[in-house]
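Q: One structure, pasted below without further comment.
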Amino acid sequence: MSEVFNFCAGPAMLPTTVMAKAQQEFINWQNTGSSVMELSHRSDIFMAMAAKAEADLRELMAIPDNYKVLFCHGGGRGQFSAVPLNLLPQGKSADYVVSGSWSKAAAIEAKNFGDVNIININQDTDTQLSLVDSKDWPLNPDAAYVHYCPNETVNGIEINAIPDTNGVPLVADMSSTILSHQIDVSKFGLIYAGAQKNIGPSGLTIVIVREDLLGHAHTATPCIMNYKTSADNDSMYNTPPTYAWYLAGLVFTWLKELGGVKEIEKVNQEKAALLYQAIDNSSFYLNAIDPQYRSKMNIPFWLKDESLNQQFLDESEAAGLTALQGHRIVGGMRASIYNAMPLEGVKALIAFMEKFEKKVN
Ligand code: PMP
């Protein structure tokens, strides 16, 4: 089979070398004669692998010692419930900053558990999609926390600067941006991310939480969503998603060998800059997002003649550039170019886009 570049938003492509290693170890992991997925999560060999994966993630993200790292079930949406259940006590409210469809979904879910103040920061003109600067967000100084989504996977909108919440714990849904660039974890109360973009396969969710935020959950919080219960039991209160944890560990090793987040950040910048440049230099394709808020992971673009959409999708697929269809809410195309997407994949996409434009114009 010739090489395929998969631009899916998630579950997304994983590094080829990681997949090859997983294949090689699939039925006989570390000479146990078993697959890692057939072993007890409490076996010494699994626990050692799990601890190494956590240590590697801590190193990659420079996570301070006063933060717990939890390996959970439930995906991003599971955290939409877990965050208010753990952090939003009765009598308090939480600020939910809405910049796109995932932050909106998080706010709607949180309303089921407590008092939520929605702050819409979309600021669109006829020609451009933009956001209100974080300095001008009307935040409540008494909020239990501020929730936002630094990278909106569907809309292709990214908030680069970490908002200053004046001491109110900042909670970030980093599902589609974690490990793509360096961040200062100490600026956050809690970070969560579904694994299926930059970490590994679906089924695993990472939560990074400051220790002082543990232990305040609603009494009705399901035990598997209670951060303190998870932290006290090294994420093994119930059976964790063992295979996804193992694969995440392989991805962390791969990223460390590449030189860590600092190095992948450079590649990610180059990939995004090339693709936006190709879009902006053409009068055939369009991305209407204010350049300062353009995502480096999920790049939506529209063909000015939308009647050509299906032809574009059919021909790109045939050329080995798969899953470019935009999300149904926004239409058009979307190229998700997470850490595992090599520079050659982006170059191949740009070459295809130029060829397609010439052919149909
Ligand atoms: N938040 C963001 C930013 C996402 O991109 C997604 C999924 N694409 C979710 C939350 C929901 O994740 P899940 O499907 O794992 O619940």
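Here the Cβ of each residue, glycine as well, is placed from N, Cα and C on the backbone.
Annotations in TrEMBL come from automatic prediction, not curation.
These numbers come from a predicted model, not from an experiment.
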Q: According to TrEMBL, Gly76, Arg77, Trp102, Thr153, Asp173, Asn238, Thr239 bind pyridoxal 5'-phosphate; which one of Gln123, Gln128, Gln196 is annotated to that same site?
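A: Of the residues offered, the record points to Gln196.
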Q: Within 10 Å of the Cβ of Arg77 (pyridoxal 5'-phosphate binding site), how many other Cβ atoms can be counted across all chains shown?
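A: For Arg77 (pyridoxal 5'-phosphate binding site), the 10 Å Cβ neighbour count is 15.
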Q: Just to be sure I understand the contacts, which binding-site residues have a Cβ under 6 angstroms from any atom of ligand 1? Candidates are Arg42, Arg77, Thr153, Asn238, Thr239.
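A: Checking each Cβ against ligand 1, the ones under 6 Å are Arg77, Thr153.
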Q: Count the other Cβ atoms sitting within 10 Å of the Cβ of Thr239 (pyridoxal 5'-phosphate binding site), across every protein chain shown.
A: 10
Q: Checking the contact step here: among the recorded positions Trp102, Thr153, Asp173, Gln196, Lys197, Thr239, which have a Cα within 10 Å of the Cα of Arg42 (L-glutamate binding site)?
A: Thr239
Q: My understanding is the cutoff is Cβ-Cβ under 8 Å with a sequence separation of 6 or more in the same chain; which residues meet that for Thr153 (pyridoxal 5'-phosphate binding site)?
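A: The answer is Ala9, Gly10, Trp102, Ser175, Ser176, Lys197, Met297, Asn298, His327, Ser336.
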Q: Within 10 Å of each Cβ, count the other Cβ atoms and name the one among the recorded positions Arg42, Lys197 with the highest count.
A: Lys197
